[in-house]
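According to Swiss-Prot, the S-adenosyl-L-methionine binding site annotation covers 54, 79, 106, 129, on the basis of sequence analysis. If you look up Swiss-Prot, you'll see 129 marked as active site, on the strength of similarity to another entry. Per Swiss-Prot, the feature substrate binding site maps to 133, 165; the stated evidence is sequence analysis.
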């Protein structure tokens, strides 16, 4: 199964949310998201197992590895670029992964329109774009509204993890998460990951360039 075997199920002018070939397409610049009736997680995965979600899935190395480790845990991979979605889909097929759903679209749109409260045991954000220029910071994932939305979708005791090579991004994200979640690590609330994080393509890329990898974890407590 090759990446190019996956085709977009619509032309741009006819775009609409739809699920095909284990991919949920959430198009940009669309105004009728609520018209799509989202299936239940049980219908999508054909089981009642716990669900974890990775954002910024890239080429899918990390999430496919996680899905293969434990078939009883369902995974959702969210990636906005279709060329990368194709690579995730190809890996999923070639490794015969049955506990993975790919979302092709913006994480914020997927969460706000299609993810119900207390859906996820864990959310992992792997190497998001740091948008380092000040004028671009409005595009960062870790802003108040979206962190609140991620918190909403976690079960009590659920975990939100961020891995990044950008220290300034890390510190800013921690500042936001401290408003809504409980830190899972002692102050300064992050660790330097030496190894054993996983097979992320971006992790391997930044390590090859001599970059440090940082990881932080936050927990949704009772009453939050």
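Please read every residue number as a count from 1 along the shown chain.
For all residues, glycine too, the Cβ spot is worked out from N, Cα and C.
Structure coloured by features recorded in Swiss-Prot.
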residue	record	DSSP (3 states)
54	S-adenosyl-L-methionine binding site	strand
79	S-adenosyl-L-methionine binding site	strand
106	S-adenosyl-L-methionine binding site	coil
129	S-adenosyl-L-methionine binding site	coil
165	substrate binding site	coil
Query: Given the recorded S-adenosyl-L-methionine site (54, 79, 106, 129), which additional residues of the same chain have their Cβ within 8 Å of the Cβ centre, ordered by sequence?
result: 55, 56, 57, 58, 78, 80, 81, 107, 128, 141
Message: How many Å separate the two farthest-apart Cα atoms among the S-adenosyl-L-methionine-binding residues 54, 79, 106, 129?
response: 14
Task: Taking the Cβ of residue 79 (S-adenosyl-L-methionine binding site) as the centre, count every other Cβ atom within 10 Å, in any protein chain shown.
output: 25
Statement: Its Cβ having more other Cβ atoms within 10 Å than any other among the binding-site residues 54, 106, the winner is 54
Field: Spatial separation of residue 129 (S-adenosyl-L-methionine binding site) from residue 165 (substrate binding site) - C-alpha basis, Å
entry: 10
- request: Work through the binding-site residues one by one (129, 133, 165) and point out the residue whose CB has the fewest other CB atoms within 10 angstroms.
  value: 133
Euclidean distance between Cα atoms of residue 133 (substrate binding site) and residue 106 (S-adenosyl-L-methionine binding site), Å: 21
